[in-house]
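Now, the feature entries from TrEMBL:
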- B:LYS115: NADPH binding site (BINDING)
- B:GLU200: L-homoserine binding site (BINDING)
- B:LYS215: active site, proton donor (ACT_SITE)
- B:364-437: domain 'ACT' (DOMAIN)
Number of protein chains: 2
Amino acid sequence: MTATNTAHTAPATPVVGVALLGHGTVGRSVLQFIGESANDLTHRIGGRIEVRGVAVSNPDKHPDLDPQLVTTDAKALIERDDVDIVVEVIGGIEYPKELVLAALNAGKSVVTANKALVAACSAELGEAADRAGVDLYFEAAVAAAIPVVGPLRRSLAGDKVDTVMGIVNGTTNFILDAMDKTGASYDVMLQEAMDLGYAEADPTADVEGHDAASKAAILASLAFHTRVNFSDVHCEGISNVSAEDVAAAKAAGYTIKLLAICERITTDQGEEKVSARVHPTLVPISHPLASVSKSFNAVFVEAEAAGKLMFYGNGAGGAPTASAVLGDLVGAARNKVHGGRAPGESTYANLPIADFGEVTTRYHVDMNVADQVGVLAEIAKVFADHGVSLRTVRQEEHDGAARLIVVTHAALERDLQATVAALQDLSAVRSVNSVLRLHND
Amino acid sequence: MTATNTAHTAPATPVVGVALLGHGTVGRSVLQFIGESANDLTHRIGGRIEVRGVAVSNPDKHPDLDPQLVTTDAKALIERDDVDIVVEVIGGIEYPKELVLAALNAGKSVVTANKALVAACSAELGEAADRAGVDLYFEAAVAAAIPVVGPLRRSLAGDKVDTVMGIVNGTTNFILDAMDKTGASYDVMLQEAMDLGYAEADPTADVEGHDAASKAAILASLAFHTRVNFSDVHCEGISNVSAEDVAAAKAAGYTIKLLAICERITTDQGEEKVSARVHPTLVPISHPLASVSKSFNAVFVEAEAAGKLMFYGNGAGGAPTASAVLGDLVGAARNKVHGGRAPGESTYANLPIADFGEVTTRYHVDMNVADQVGVLAEIAKVFADHGVSLRTVRQEEHDGAARLIVVTHAALERDLQATVAALQDLSAVRSVNSVLRLHND
């Protein structure tokens, strides 16, 4: 063998090999932007991205892909020596989990947009990344291109975060915003969201709050340096929100939003705990979150030193999600070229997860009651007996029945639930139409 | 000497030595949070922060400081072997520049909150950091705790940013917001801002837009990977904005904000250039920036893949600025402990800076004109002769004179300026009361 004379040539640009797993809307955008921005990416990384292959389950469905790149054998692609970083944009949990773990265990950094995977398996993934000394990036898993993971992991790394709260699901925000603006019912607006492509054929994961709950788990983990899983998140969706609820909220100066709420709370016993929950919430119309319309997302952060921050933008879609994936890819590639690691999973605080009953909330209770003397006193007594004080009471009469809308002061969720259960047992209460929580000021 | 038996002890926590330069509002907060969050910082860094000293010019003014930490010899403190990171929160340009360069040249990473310094000397500082292979962090220089530098440097590193635009000066936003809400004059509201501590005794840097221009230079540099200095930024302040301007804007559905605007533009000749400018701007009341009240800041980013993003929060103050400084400090300290470098200055795109005349804007021109036949035709001809088309014309008559308010369509700034100069020469135009630019939709 002869030594090549390289003494007078410029140093070669380092090459970073990338495996793309999945070629749906996001995968296509990722591939497109890698191609279009090749020169910019090379400068920003200090090295050149080369896509080694794209793993798909059925190549026939991807005639637009370079046949030399397509493979159905994701594992073999991951394990190629010339692959440094694996980008996972498949979706689902079990199969991508197997692939992401294989990648991390093989010493490859991973960029994923998969919120369900990260929320369900953060421990296994975080530990595998730490063992291998590689990066696990997932900015795209929460609110797509809106930088939220990065700010929590880095910008606020010297601060103490008390609350992260936001609109992190575009489908439900589209539906609730449209209900608020038109007065139409949930069913009508769900259909419109489906017709316009804002909701999937099976909208369950969105409308029942599961998607938002995955994001809440991720945000709470980052904010509180504590492992919070999907199963730790109390989750209620929007399918029971009625046009009457929206109208009643509006009359009282609120709009209904599906919020993911992550809070550091102090229990009765003085113990610091973490609460993560998703439920429809009455937000005062003056609050910045109230004006987040259509399918936009917004995340509100309150930290001790920084005060109140808000991040707003497109929370979904191929291009915005690809923007976040590419930002992460540049970070992971820089680390491959220059050394260094992104912040790993941080769980040192290890705070206990609060029961939902330990959370302090305010309630908006809408009831039909008998229109007779003494009913209000009877109902007020039920609240008082459970230690819940009333803030406003509004009564409307119709044809011998009365509609009573009660807004409470802040109280423990368990006391409020017990109050509602007791109200339902009162003969004077014909029906409890809805129970909604209010945003804590 | 006897070797100490360390075989069975846990590995010692690495220590990162920090020199603090300056002990004003921000320096005090930084020191306080380092003390209060010591345990959290150690976990997040993987090493312990130890403050080696605090450099001040007059120790007598800092009786609250541990005398063992105080020094007047900043250079000697920087050069101590046990100092790894230098935090500069002095303010001003010349003296801190000397110190920051000394630190970088000595191989110490630097965290600074000094927008004037970064905007004026980015080339020298960036090159010194690169030569030494250390980090230069300055998140706190723009909009305090609102993560903007980090998102532009990292989260959007795979995207193409077209516009960064925002309210980046709290003092002027407080004044303009108060003028809008009360109808009072600039002078009255400046005085109120001074009385409430929102404006300094000498408010020049804020009200003349210099502070915002520094931030515009920093944002444009990051967004467009091009060196943009303070002197490249076209800068107009708010001291000429009158109560009449605010009222006229309001009547037309706008509010006046001092915006820092950084844009990628394409000139007549098809050349891609960078524009950075600061001026009072009419923002439609429906735009998210219009509802940024009091001294809050907000930065709006538009990128090709990510779409529109907004970042909102406290843009000034000791604690919010300290939050950003500490986030940067954690980043720099992680790199000292674990290896790796933050993204350095990125200027590869090296786009030319546009002349202000090459920028496309819309104008709102408020004139007093003679109330006689043919005046409007004469004025309209001046606009047409300069290739500027009119969008709306509003005329009010008072006692034989008329007030004419013209809003133009988008046109080149140089054509608009020539139009206004020609209008001032018309005998029928008694006075041009104000010329304000509109936000480009």
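Cβ from N, Cα, C; glycine included.
Locations of recorded TrEMBL features on the structure.
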residue: B:LYS115; record: NADPH binding site; Cβ neighbours (10 Å): 25
residue: B:GLU200; record: L-homoserine binding site; Cβ neighbours (10 Å): 13
residue: B:LYS215; record: active site, proton donor; Cβ neighbours (10 Å): 30
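The CA atom of B:LYS115 (NADPH binding site) is located 17 Å away from the CA atom of the residue listed as 'L-homoserine binding site'.
Under DSSP, the residue listed as 'L-homoserine binding site' is assigned to coil, being neither helix nor strand in the three-state scheme. Taken together, the residues in the domain 'ACT' (B:364-437) have a mean pLDDT of 94 on the 0 to 100 scale. Cα separation, B:LYS215 (active site, proton donor) to B:GLU200 (L-homoserine binding site), rounded: 18 Å.
DSSP assignment over the domain 'ACT' (B:364-437) gives 24 helix, 35 strand, 15 coil.
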